[in-house]
Amino acid sequence: MNALAATNRNFQLAARILGLDSKLHKSLLIPFREIKVECTVPRDDGSFVSYIGFRIQHDNARGPMKGGIRYHPEVDPDEVNALAQLMTWKTAVANLPYGGAKGGIGCNPRELTVSELERVTRVFTQKIHDLIGIHRDVPAPDMGTNSQTMAWILDEYSKFHGYSPAVVTGKPIELGGSLGREAATGLGVVFATEFLLDEYGMSIANMKFAIQGFGNVGSWAASFIHQKGGKVVAVSDITGAVKNPNGIDIPALLKHKEKAYSLKDFEGGDAMDLNDVLVHECDVLIPCALGGVLNKENAADVKAKFIIEAANHPTDPEADEILSRKGVIILPDIYANSGGVTVSYFEWVQNIQGFMWEEEKVNYELKRYMKRAFSDIKAMCHTHNCNLRMGAFALGVNKVARATVLRGWEA
């Protein structure tokens, strides 16, 4: 099942739990606006190349739309539509005054030089500058983009609208980015894990963790887990996988990866098959990479008691049902990985205030927001006698539906 079908399915189940009016139900599902533009730019050799850029703005009932921009050769409109919708529910679950959006350009950033990437970004911004904005739609980095990409968008947008640091988040610190933003998603995952384990009288210390994906989110999550006394017994990314039943020395692994650009040949553990990390012996599994990695083929072999969805849509609905029957507790993506968008919100607030927060304040507020959201999800689970995924979806959908009705959507 693709990401859009799976997201729609979760929405339909939440709408049924809430007893949503059928017309409102349909209105919430249809994106507010879909933008598709042509981006033709000169390459460094003088030839021209054209790419398709797009932005899907899903909902703005609760505030400006918010979501990443990805650069990837196989940008799939269905997947981006699903991610835009997920952002709508995610920002509502986190209680941020935003709606959801997502976008991207169908290019391979690895095949473009820095100057070519800059030209593509600036042309894309020129085409959509009147449809994004501080109080309209606030982009952020995603797959294939980074803080430099956001700096170019900020600069190009400011040529039309004056200096506007709050138009994007995930910027360099020097241009109004927030302290703590880089670690935010990984730290949020760890806070979420702590709150969930606490419900069962457990803590991170001495528990065994397997982490699939060792990029920005996975590496930060592993570092914080290691600091809190948890044992990370297996780690993987596209370059390789490492296991150590006594716990991997995460600072040493980070140094190795920085030097070798790979997890291979790390002396502090044994090599293993990439796919085996998902079914490795552990207490907590944290998928931090691509969607759909847990499916009907491997779900029955998962040994973890808890799954923390740090990636977007890592668990297919078929796998969800198999894991639920096994008694595995799943903390859903629309809550578990919301630390990134929460600190993006803090960045936006700081830009509007013109006042920068200390990192301690950023992390304190992140923990407070994540704690409140977890309590809200648990309350929804109790009210509707449902699992955490449905509790989170029902919470998000209910907040957006309420805001939509209060604004007078039928007028």
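The backbone N, Cα and C atoms fix where each Cβ goes, and this holds for glycine too.
Taken from TrEMBL, the feature active site, proton donor covers Lys102. Long-range C-beta contacts of Lys102 (active site, proton donor), restricted to its own chain and to partners at least six residues apart, with a cutoff below 8 Å, comprise Arg55, Ile56, His58, Gly67, Gly68, Ile69, Arg70, Val80, Asn81, Leu83, Ala84, Met87, Asp142.
Every protein chain considered, the tally of other Cβ atoms within 10 Å of the Cβ of Lys90 (substrate binding site) stands at 29. Among the features that TrEMBL reports, substrate binding site is placed at Lys66, Lys90, Ser344.
Residues or ranges marked as NAD(+) binding site by TrEMBL: Thr185, Asn216. Long-range Cβ proximity for Thr185 (NAD(+) binding site), meaning a same-chain Cβ under 8 A and a gap of 6 or more residues, is found for Asn216, Val217, Trp220, Ala310, Asn337, Gly339, Gly340.
Per TrEMBL, site 'Important for catalysis' is recorded for Asp142. Counting every protein chain shown, 21 other Cβ atoms lie within 10 Å of the Cβ of Asp142 (site 'Important for catalysis').
Neighbour counts were taken at the CB atom with a 10 A radius for the binding-site residues Asn216, Ser344; the maximum falls on Ser344. In the shown protein chains, 29 other C-beta atoms lie within 10 A of the C-beta of Lys66 (substrate binding site).
Listed in chain order, the extra residues whose Cβ falls within 8 Å of the Cβ center of the substrate site residues Lys66, Lys90, Ser344 are Gly67, Met87, Thr91, Ala94, Leu96, Tyr98, Gly100, Ala140, Ser338, Gly340, Val341, Thr342, Tyr345.
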